[in-house]
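Here TrEMBL flags 1-22, 34-87 as region 'Disordered'. TrEMBL lists 41-50 with the feature compositional bias 'Polar residues'. The coiled coil feature in TrEMBL is assigned to 115-142. Feature annotation from TrEMBL assigns transmembrane segment to 156-179, 191-210, 222-239, 245-269, 281-303, 323-342, 438-456, 582-605, 612-631, 637-659, 671-694, 700-720. As annotated by TrEMBL, domain 'Major facilitator superfamily (MFS) profile' applies to 156-724.
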Amino acid sequence: MDDTAPKDKSSVMKGARDIAKEAKRQAIKKVNKVVDRASDEYSSSRTYQRFQDEDDDYYSQPDGNYTGDHADDEEGSSDATEGHDEEDEIYEGEYQGIPSDAKARDEPMALGQLLADGLKDRRELEIERQADEEELAQQYELIIQECGHGRFQWQLFFTLGLALMSDGVEVFVVGFVLPSAETDMCVPDSSSGWLGSIVYLGMMVGAFFWGGMADKVGRRQCLLLCMSMNGFFAFLSSFMQGYGFFLFCRMIAGFGIGGAVPIVFSYFAEVLSREKRGEHLSWLCMFWMIGEIYASAMAWAIIPHYGWSFSMGSAYQFHSWRVFVVVCALPCVCAVVALTFMPESPRFYLEVWKHDEAWMILKQIHDTNMRARGQPEKVFTVNRIKIPKQSDDFVEMQTESGNLFSKVIFRIKTELHGIWLTFLKCFDYPVKDSTVKLAIVWLTLSFGYYGLSVWFPDVIKHLQANEYASKVQRHNNERIEDFTFNFTLENQIHTNSLFISNRFISMKFKSVTFINSTFQSCFFEDVTSVGSFFRNCTFIEAVFYNTDIDDSKLINTDVINSTFYHNKTGCQMTFEDDYSAYWVYFVNFLGTLAVLPGNIVSALLMDKIGRLSMLGFSMILSGISCFFLWFGTSESMMLGMLCLYNGLSISAWNSLDVVTVELYPTDRRGTGFGFCNALCKLAAVMGNLIFGSLVGISKAIPILLASSVLIGGGLVGLRLPDTRIKPFA
């Protein structure tokens, strides 16, 4: 008997394997049949009966209102529950996730479930999971259609719009604040430009990190965290007096706001039906441009007003540009407050098996919209939702022992490892080719857009500088004695001049240069010099009282028997002396206004002509429009070219956002979008450096470079898969 027992056991195990294999084949056939039937019925029927007639892999919300055979035959449902194998996973959870008779049924199923899954080939399990995901996508589309489009979507629209507006503000705050902050903090030329680069670096890392975290812990929670971080450190940066601390705060603020774009679009897309998605995501894009308009208008209204400032002694100065930084943090604060009243994405909850929570949010969406329509009596009829198979990924467990620090480090390592694994899935079938093409399109569009956005204003400033220099007044070999200067000297060059016993009182030197000149027995009191220098000059028995004339402005100059009293310390900010300050803000403001018509047109036509056509042809037309820059010989013509380029390129941005969010499935949507947005910020830094270095050198190189990059990216964009008719996985 002892000899036959092992043989019987082996024969039983062999029989079990055969039965499991046959069950697996039958299950795959059944799932494929359901998916095919779902695809055929999708366009003609919006009933959920076909999902309720199947017995495998569904979440049901029992409330005593089942429809069809399940409502009439309680005993049949119980028998099916008792006798189902590992392929028939009907989760009959009670309200708020409490399963009925769960303990009595889970234990006998656990061993069989584990054995059957262990016998399955991992590739076949993945095929089954993909089939489940496709069926869930079909059903989720029908559920969202039943929920309708109404008050809930509009509430979320404006809430997420504030978050997206904050990202647009953050991008342009850098450019507007950069000259003022570096002047106020006496930053040398060798360190200038770090502010723009460090903020984009923070946004690049933040986009990748927060996008990945949104796929793991949720859209709403991550968006709350990243927006709170941005708002706090942006507000704190306005009070930083040292350039190093200011850079650090702006970098952390950039790291926070970097997650806004990938999370906002993923979040909003998951509560929109297919026929509404393209149009309303395009309307949402408008908030980014509203943020740019807001930043331009506030910079134009606040920064040049030097009087909007206060000081606490000589150590603490709060100038108008700091007021501008505080004002620009307000949209972020409003977004955080509004987000606290919004729920998590139900599609994300379904992905992480929180089916009770997902059902409750879907019911909330339905009831909110129905009440707004005046139909509060309409009942949410969904009670069964498809449950995809979970992959058996290996998870390293942390022991209970260990201090708090080690647990925190372990948690951080685990989360980062999870983000990395999700990122690698973006290069798996079936999204591998799409990820590569998207990366090319994001890089090319960002490089051309941000590069030309820097080049346009700098070219206008260069044209202004040339015009200003052409009007310079030159004075040679003059002799002035016993005269009082109490007015502003501007845009002048004095060569080989002699000043004897003159008084310079309460006056300004603005872009004035003295060359080989002599000042003998002169008195300087309350003098401010902006862009003015003394080259190879000589001061004899001169007195300086409360002036900003120091060694940086005395170049190769001899100072003999002269005294300095109460010299002004720090860098003097006088925005009224910057002849181009108002004009630069005004140029950005007009360039942003030119985007609004393109935004409206792209939103209305997104679902009619298709995302890919709009993306490809918009980039190609933007590249062609660059050639008109050859004719930009004046400020007004360059401004016209800027408006034309911005109006054409905005359609490409809107369609690219829609295509990106629709191409990736739910489990990697935030990660994929975050990766693409990180590439966007990298290309922005490259564009700023390359195009900025070409200002005043040559028109041909920037024009040809931008045109070739945009046209090439547009051709690649036309090769992306069409997502207009694709179910939202």
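Heads up, the Cβ atoms here are built off N, Cα and C, so glycines get one too.
A TrEMBL annotation is a machine prediction, not a hand-curated record.
Computed from a predicted structure; not experimentally measured.
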For the transmembrane segment (323-342), sequence-distant contacts whose Cβ falls under 8 Å of one of its Cβ atoms, 6 or more beyond its ends: 155-156, 158-160, 162-163, 165-166, 169-170, 173, 176-177, 220, 223-224, 227-228, 230-231, 234-235, 237-238, 257, 291, 294-295, 298-299, 302-303, 308-309
Maximum Cβ pairs under 8 Å to the transmembrane segment (637-659) - stretch from the list 222-239, 281-303, 438-456, 700-720: 438-456
Intrachain residues whose Cβ lies under 8 Å of the transmembrane segment (281-303), provided they are six or more past its termini: 157, 160-162, 164-169, 171-173, 176-177, 180, 261, 264-265, 268-269, 272, 320-321, 323-324, 327-328, 331, 575, 581-582, 585-586, 588-589, 592-593, 595-596, 599-600, 602-603, 606, 650, 653-655, 657-658, 661
Chain residues outside the transmembrane segment (582-605) and at least six past its termini with a C-beta under 8 angstroms from it: 172, 175-176, 279-280, 282-283, 285-286, 289, 292-293, 296-297, 299-300, 303-304, 456-457, 460-461, 464, 614, 618, 635, 639, 642-644, 646-651, 654-655
Long-range Cβ neighbours of the transmembrane segment (700-720) (under 8 Å; 6 or more residues past either end): 434, 437-438, 440-441, 443-445, 447-448, 451-452, 455, 612-613, 615-620, 622-624, 626-627, 629-630, 649, 652, 656, 659, 663, 690-691, 694
Positions on the same chain near the transmembrane segment (612-631), where near means CB under 8 A and six or more residues out: 441, 444-445, 448, 452, 602, 605-606, 637-638, 641, 644-645, 648-652, 654-656, 659, 699, 702-703, 706-711, 713-715, 717-718, 720, 722
Same-chain residues near the transmembrane segment (156-179), Cβ under 8 Å, at least 6 residues beyond its ends: 192-193, 195-196, 199-200, 203, 223, 227, 230-231, 234, 250, 253-254, 257, 260-261, 263-264, 267-268, 271, 280, 283-292, 294-296, 299, 303, 321, 324-325, 328, 331-332, 334-335, 338-339, 341-342, 585, 588
Model confidence over the domain 'Major facilitator superfamily (MFS) profile' (156-724), averaged pLDDT: 83
